[in-house]
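Enquirer: According to Swiss-Prot, the record shows the following:
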TRANSMEM  11-31  transmembrane segment
TRANSMEM  53-73  transmembrane segment
TRANSMEM  93-113  transmembrane segment
TRANSMEM  127-147  transmembrane segment
TRANSMEM  160-180  transmembrane segment
TRANSMEM  188-208  transmembrane segment
TRANSMEM  243-263  transmembrane segment
TRANSMEM  276-296  transmembrane segment
TRANSMEM  314-334  transmembrane segment
TRANSMEM  357-377  transmembrane segment
TRANSMEM  387-407  transmembrane segment
TRANSMEM  418-438  transmembrane segment
Amino acid sequence: MQKYTSEARQLLALAIPVILAQVAQTAMGFVDTVMAGGYSATDMAAVAIGTSIWLPAILFGHGLLLALTPVIAQLNGSGRRERIAHQVRQGFWLASFVSVLVMIVLWNAGYIIRSMHNIDPALADKAVGYLRALLWGAPGYLFFQVARNQCEGLAKTKPGMVMGFLGLLVNIPVNYIFIYGHFGMPELGGIGCGVATAAVYWVMFIAMLSYIKHARSMRDIRNEKSFGKPDSAVMKRLIQLGLPIALALFFEVTLFAVVALLVSPLGIVNVAGHQIALNFSSLMFVLPMSLAAAVTIRVGYRLGQGSTLDAQTAARTGLSVGVCMAVVTAIFTVTLRKHIALLYNDNPEVVSLAAQLMLLAAVYQISDSIQVIGSGILRGYKDTRSIFFITFTAYWVLGLPSGYILALTDLVVDRMGPAGFWMGFIIGLTSAAVLMMLRMRYLQRQPSSIILQRAAR
């Protein structure tokens, strides 16, 4: 029992800074929306449309680079710290190549935006302008993620938290300058949010790089030599590990986007109620997602040390803590669902629907916690390919079709509207949780030599 208590303390010590970093990141998006809305409703809508395209593109790169965390954690645990700098250099090369692809996609996103049904031309122009300003921040964002993953792989999660709040503090005044045109800068409205956010990502990267350069704990792995050439073997391995994570993230983001589009013809009340419940459940998701990042670090580190039993302890402890958190947040959601909905909107119909959907959200929080922490465990074992297949099957083969049938057809029951899609979420997330646990159990039952051989690759 004592080893589980000790492991839980270490997991929470790693997870809490990640939670706070995610809060800072979410707050940046909130600030952009509010400040753009203060300028005009059109600018706020342009930022919202631009963000809906930016997120899938940049999260694909983000997911690809998540491969660095278990690699570095395993090298750290095995005492091969001298190899970490080379892995990080290749991470920067990979981020550079992905940045170019993301920038090309975002530069040409105008074709997607202008093809939207009945979109106002002025709104489309502002959304395109926002993306074309923001895309210059893509390299800064991805370079920052490489540096952050280096720190987190070494069990240093506080720097990411500090840089997140630094970015938030810088974002507010820089937004003000470029939205309203102060200190000699042009008045750009919502496009100014894109300029500000791009600048903030570069500030965060430079600050993180400065920390790494001066941190005593990283003195032995600091790269003082030339940057070096791309290493095709290392980059291939990072892509093999990272691509399934990137695709899983992409399919998860696009799933919720598709559901939002399917709900949109059902009327303003349904759209608003769905959005409130989804926004709140996304905030609650920060907790298990951050714990999953901590579990990846601990499992990778323990496997690096050559202890499959300690890796199992880390995995089981992470799941136990995650389920306890989910039970607490589910009770909180059920108890205060009407009060929470009133914070977003005071329309009685919207509040009533949002409160009903939050009941379903409370049900799936436990499944969601298990599946996302399960994904973190599998990342720690470097078994990322299964994450993609499980996510795709659970979300797109089981969750979305069942949600569509329940919400918009009479095949099983009378049309349920948005609640049908939320039943689909429950089916998809529960399926993912079960499949993740089965895969984890299969991996942990293999001989230690095979587990450690996979982890050392």
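Along the chain as shown, residues are numbered 1 onward.
Cβ coordinates are placed from backbone N, Cα and C, and glycine is handled just like the others.
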Enquirer: For the transmembrane segment (160-180) and the transmembrane segment (11-31), check the count of CB pairs under 8 Å (sequence separation 6 or more) and say whether it reaches 3 or more.
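Expert: In contact, yes.
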Enquirer: If you count Cβ pairs under 8 Å, which stretch among 11-31, 243-263, 276-296, 314-334, 387-407 touches the transmembrane segment (418-438) the most?
Expert: 387-407
Enquirer: Count the Cβ pairs between the transmembrane segment (276-296) and the transmembrane segment (188-208) that lie under 8 angstroms and are 6 or more residues apart in sequence, then report whether there are at least 3.
Expert: no
Enquirer: Do the transmembrane segment (53-73) and the transmembrane segment (243-263) come together with 3 or more C-beta pairs under 8 Å, pairs six or more apart in sequence?
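Expert: Counting Cβ pairs under 8 Å, at least 3, so yes.
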Enquirer: Ranking 243-263, 314-334, 387-407 by Cβ pairs under 8 Å to the transmembrane segment (11-31), which is first?
Expert: 314-334
Enquirer: Report, as numbers and ranges, which residues of the same chain sit near the transmembrane segment (387-407): CB under 8 Å and 6 or more residues beyond its ends.
Expert: 243-245, 247-248, 251-252, 255, 258-259, 262-263, 371, 375, 378-379, 413, 415-425, 427-429, 431-432, 435-436, 439
